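Shown next, in structure tokens, is the structure this report addresses.
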Amino acid sequence: MSAVQPILSTPDTAKKTMDVTNGSKEWQEMLETEKAGLVERVYDLERQVLEHKDEIVCLKSTLADVLRRLATIDNSYENSTSGSGRGGTGTPAASGVGGGGHHMVSDNVSSASGQNSLSSKSFRFSRNTLTRLNSTVEEKRFGRVPSRVTSSPSRVKTNLAQKAIHYSNGSLHSDSMSSHSISPAPSPSPRQPNASAVTNSHHALLASSGMGKRWSSTGDFISSPGSPSGTVSSGSMSRFSAKSLLNLSGNSSRQGQSHPYVQRKNDDDEYVKLYISGRPIVIHIPEAQLSTYELTKVQPAPNRRLRLDWAYGYRGKDCRSNLYQLPTGEMVYFVAAVVILYNMDEHTQRHYLGHTDDVKSLAVHPNKLLVASGQCGGHEGRESLPHILIWNSVSLATLNMIGCGEFTGSINCLSFSRADSGNILAAIDDSPDKIISIWDWQKKEGGRKITETKCSVDTVVAVEFHPLDKGQIITIGKNHIAFWSLDQNGMLYKRMGVFESFEKPKYVTAISFTQTGDVVTGDSSGNLAVWKRGTNVISRFLKKVHEGPVFTICALRNGGFVTGGKDGLLLLFDDALHMKAEQIVEAHFGAVRVVAQGKGSQLLIGTTKNCILSGDFTLSLVPIVMGHTDILWSLATHPQVAQFVTGGRDRLLQLWDSLSHSVVWSKDIGEPIHSVQIANAGDVIVAGGVGGRWSVFDIVTRELLATYTDGQEVIQCMQFSPDGNLLAIGSKDNCIYIYQCTKVAHRFSKIGKCTGHSSFISHLDWSKDSQVLRSNSGDYEILYWNPTLCRQITNQGTVKNLEWATQNCSVSFETIGIWPENFDGTDINSVCKDGEEQFLVCADDFGKIRLFSFPASQPKSLSHSYKGHSSHVTSVQFMHDGVRLLSAGGMDTSVLQWRVV
């Protein structure tokens with residue numbers, strides 16, 4: 001047997017082996033190069049696709065906005081033709097929420113002078129096109145279109161009760177028409193069935209008779225709990241027919257009159273007893289009404305209503321990711337319970353009024369047309385529970401209400417999915433367990449909850465879907481960044497971010513994404529971290545970019561980034577995260593809370609002091625929205641021009657112009673402001689603070705002219721006499737201090753003080769002749785004073801027939817009807833009347849504004865009710881022209897400007 005011969009290595013064989021090895025390496029290098037090039041091309045294609053999607057979205061949004069404007073012109077034309085046949089539209093018929101009639105109010109859109117020559121038929125196409133465009137989701141998924149929509153700002157009205165989309169200037173969750181804001185029905189359409197034909201017929205009957213509003217002073221006239229606000233159910237209709245019409249007729253017993261909270265024992269009695277919190281308050285009846293006054297009479301609501309004209313303020317102090325630019329040119333943000341769509345170029349606002357309490361979060365759908373907004377829990381009813389509303393930013397129609405009854409705390413974070421065209425929505429419930437829930441918001445009424453799980457034991461500040469990877473979600477907050485995966489079975493899987501050798505921050509405070517899909521985060525130590533796409537580890541770390549927390553990271557369209565932080569700096573980075581420029585936000589505007597990219601290179605900056613600024617890195621930043629940052633207590637209007645002044649716990653005294661909707665000047669006076677007033681001549685402002693101090697400021701220069709001290713308690717209220725010679729100051733020490741005004745505007749001579757109240761002074765009124773002062777106190781007393789002698793007037797015969805220049809006192813004969821049953825005495829905070837004494841407005845602890853006819857002296861006085869504030873409304877005041885009304889929102893820090901329409 002021959003042995004196996006070994007293969008000997010020759011020079012030729014070794015050379016061939018080396019060539020093969022080298023060739024293999026070159027081939028691998030070529031493959032790696034091709035792979036890298038392919039990845040780059042894929043990323044480039046993804047970027048181009050996103051850019052094209054943005055362009056398409058912009059075109060769609062612009063088209064939708066144009067069609068909406070054409071629809072308003074169309075309806076204004078129809079109104080002009082139909083109105084001439086009816087003899088005008090001065091008094092709206094059946095226009096209340098309870099009446100089934102709806103009004104179209106047009107936007108501030110310039111129309112050609114010859115629009116009347118345009119055919120209604122040609123514009124009907126545009127309206128129907130708009131209806132189809134805005135109602136596709138409702139028709140396909142819910143089988144119907146929204147039950148009610150309103151439009152903004154209004155100039156023309158028309159009845160569209162028979163059309164697919166109903167336009168109205170009615171305020172959501174009110175008993176009457178409200179603003180030039182588009183809003184859903186009082187009960188959002190996904191939660192309420194359509195009213196029956198019988199209910200609608202009753203609805204129209206009540207409206208046509210002028211009695212279709214909520215009977216707010218007695219249970220006989222209140223809508224049933226199951227029916228939409230302002231709609232009379234069959235049960236309530238039967239009560240109305242049987243008992244209320246009897247009351248309206250006045251055929252009641254003349255052997256004394258009684259009411260649940262107002263009593264008059266005998267018809268000869270010259271007084272009534274008003275019971276507030278169980279305490280009887282004696283109120284004397286003016287002689288002119290003694291013979292005709294009956295407790296059973298019903299005073300109708302006024303035939304005019306309020307419409308929300310402007311919302312001042314922004315909530316940046318404690319909310320994030322709440323400022324976006326829409327393709328239509330509007331920016332969207334919120335304050336109180338109002339979501340505002342502001343067009344900076346046209347200086348117009350539209351308002352979404354679907355919420356019942358504080359809006360806490362906002363998210364814009366990838367199509368840039370739909371918006372999701374989340375609120376905290378409210379005061380009353382199922383609809384005041386925390387929930388999410390999905391609505392159309394063009395028509396302002398509500399598409400769905402998500403999670404009503406499913407959330408425990410407020411919804412403080414929202415995000416639409418981006419890799420699958422926004423089919424699902426993520427929400428963070430700010431409950432003790434910090435629950436993250438995923439919703440298929442398009443499924444049925446109320447949406448379908450796919451899954452939920454505990455997100456973190458600590459605060460969660462943001463949730464975001466990955467823009468390129470489907471089902472990938474990132475949450476950030478205290479001590480955590482988590483990468484979530486949502487599988488096809490609806491299960492969530494969590495991977496915690498690993499910091500490895502890098503500094504782990506106390507908070508991860510901001511998040512964004514690169515165009516290649518990497519995650520960029522900012523933290524409470526001022527660092528930026530880049531997390532490689534598909535991983536949970538840091539690939540790049542930029543240390544101490546900001547001095548203090550990074551509050552926001554805005555991804556720009558060119559691939560760069562803008563960061564903003566507590567240090568007030570705006571930093572511009574390119575796509576490789578190399579810093580290119582910086583901009584400083586002035587300290588009095590606050591730290592940078594959120595940055596959004598506007599038109600071109602324009603940036604929109606929301607701050608922690610509730611301001612919104614506009615600018616870029618080449619020009620200075622200009623404030624476009626300003627507001628208060630703490631409880632807003634005081635409000636006063638200028639007696640001659642369209643200006644008003646506000647003051648609050650944030651120590652800011654601010655003078656506003658109600659025509660330009662802007663701040664004239666703002667001044668930090670160094671102490672909380674509890675009351676303000678403008679002198680009759682309009683030259684000085686007096687502001688009451690703590691410790692008995694009150695100060696005088698020049699209204700033009702805002703210079704402090706003088707300071708006075710009366711007692712050691714808070715100055716609760718202030719009021720100049722109609723002749724301008726006296727100033728009354730009500731203090732928390734139960735005293736009223738009277739001053740003589742001198743020829744020098746800022747100098748006041750003290751006359752004395754009025755003592756006799758057993759609680760703090762809450763409201764003051766002067767008689768028209770300036771001879772008598774009327775006051776209310778915290779325990780609901782009503783007393784009268786001779787101001788020159790500082791003595792109480794106890795003879796009611798000398799004061800009960802007086803006419804009063806103002807109506808600040810909430811306890812008086814003129815305001816008996818504003819007190820509903822079961823109201824606590826502290827529930828009504830402010831009242832006022834207009835100069836022509838047609839309307840009385842009151843503001844309460846539940847965020848409501850109610851409009852009555854003046855005087856509201858009947859216990860059953862009907863009113864129109866309006867929502868917009870989310871906190872106790874601390875003050876309401878008419879402007880000098882009597883057409884505009886202002887309301888201050890207390891803890892929501894907003895000022896809402898209403899117009900009488």
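From the backbone N, Cα and C atoms, a Cβ is placed for every residue, glycine too.
Annotated compositional bias 'Gly residues' per TrEMBL: 84-102, in sequence order.
Annotation comment: TrEMBL describes 170-184 (among others) as compositional bias 'Low complexity'.
What TrEMBL lists as compositional bias 'Low complexity' is 223-236 (among others).
Among the features that TrEMBL reports, domain 'EML-like first beta-propeller' is placed at 348-615.
Feature annotation from TrEMBL assigns domain 'EML-like second beta-propeller' to 632-900. As a whole-number mean, the pLDDT of the domain 'EML-like second beta-propeller' (632-900) in this prediction is 95.
According to TrEMBL, the feature region 'Disordered' maps to 76-103 (among others).
Residues or ranges marked as region 'Disordered' by TrEMBL: 170-198 (among others).
Feature annotation from TrEMBL assigns region 'Disordered' to 217-236 (among others).
Annotated repeat 'WD' per TrEMBL: 625-657 (among others), in sequence order.
Annotation comment: TrEMBL describes 754-786 (among others) as repeat 'WD'. If one looks beyond the repeat 'WD' (754-786) by at least 6 residues along the same chain, the residues whose Cβ comes under 8 Å of a Cβ in the stretch are 276-277, 279, 281, 283, 713, 716-723, 725-726, 728, 730-738, 792-793, 799, 802-812, 825-826, 831.
Within the same chain, residues 154, 169, 171-174, 176-179, 304-313, 315, 317, 335-338, 351, 353, 355-359, 378, 610, 627-642, 644, 646, 648, 656, 658, 661, 829-836, 838-839, 841-851 sit at least 6 positions outside the repeat 'WD' (866-901) and bring their C-beta atoms closer than 8 Å to a C-beta of that stretch. TrEMBL lists 866-901 (among others) with the feature repeat 'WD'.
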### Query
Which sequence positions outside the repeat 'WD' (625-657), separated from its termini by at least 6 residues, show Cβ-Cβ distances below 8 Å to it?
312-314, 317, 333, 335, 342, 590, 608-612, 663-678, 680, 682, 685, 687-688, 697, 699, 702, 874-881, 884, 886-891, 893-895
